[in-house]
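Participant: Mind looking over this structure? Questions follow.
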Amino acid sequence: MAYPMQLGFQDAASPIMEELLHFHDHTLMIVFLISSLVLYIISLMLTTKLTHTSTMDAQEVETVWTILPAIILIMIALPSLRILYMMDEINNPSLTVKTMGHQWYWSYEYTDYEDLSFDSYMIPTSELKPGELRLLEVDNRVVLPMEMTIRMLISSEDVLHSWAVPSLGLKTDAIPGRLNQTTLMSTRPGLFYGQCSEICGSNHSFMPIVLELVPLKYFEKWSASML
């Protein structure tokens, strides 16, 4: 999860988030180079009185500053489209979990099991135990197996919500009457925190998401204890 005064993204815990981080660094470097070039040209214009009249009307210069931006846009667009298609791809999920947004809590249903469903409410500040995170802990965590493809079906029963877990690169809108889907796969175990990312009412900031990714054998023990 994020720590105080953090400027960058959270550490990636899924292949998609790793790709998004690489794309972010790639695009940021291009923006940095363009900004440096523009700043250099502006500083030259402000500090020298020299002009080159033949350069101001040269067709070669106009050709360069037309083609070069097009090449830069292609360098940004192609990796972006690649990641976009990767995020929408569904490859034989091993487990399906249905997530419903409510005002103001989440409910989860493991559709591959007969009676495995629960609601997930935020733990009030007065009931937190030492070491637990304020406004982020829930009474029922979503336990999932790591290194397996998991499909999340996301919808809402009242207003617009958004199910988001930054370290896994997930953000999917929960829309009443519509079923959206996304996939997740964690490369390491751990606790991953998220929150509703849609302004859904007065208690919008009090419906956190907590995923607990564990090895498969621990997930099987947990699911057996919940049935």
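Placed from the backbone N, Cα and C atoms, the Cβ positions cover glycine too.
Predicted automatically and left uncurated, TrEMBL annotations should be read as such.
According to TrEMBL, the record shows the following:
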- 1-91: domain 'Cytochrome oxidase subunit II transmembrane region profile' (DOMAIN)
- 92-225: domain 'Cytochrome oxidase subunit II copper A binding' (DOMAIN)
- 27-46: transmembrane segment (TRANSMEM)
- 66-85: transmembrane segment (TRANSMEM)
Participant: Treating G and I as helix alongside H, and B as strand alongside E, what does DSSP give for the domain 'Cytochrome oxidase subunit II transmembrane region profile' (1-91) in helix, strand and coil?
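Facilitator: Breakdown, helix to coil: 67 helix, 0 strand, 24 coil.
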Participant: Can you tell me the mean pLDDT for the domain 'Cytochrome oxidase subunit II copper A binding' (92-225)?
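Facilitator: When the pLDDT values over the domain 'Cytochrome oxidase subunit II copper A binding' (92-225) are averaged, the result is 93.
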Participant: Per DSSP, how many helix, strand and coil residues does the domain 'Cytochrome oxidase subunit II copper A binding' (92-225) have?
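Facilitator: Split into helix, strand and coil, the domain 'Cytochrome oxidase subunit II copper A binding' (92-225) gives 19 helix, 61 strand, 54 coil.
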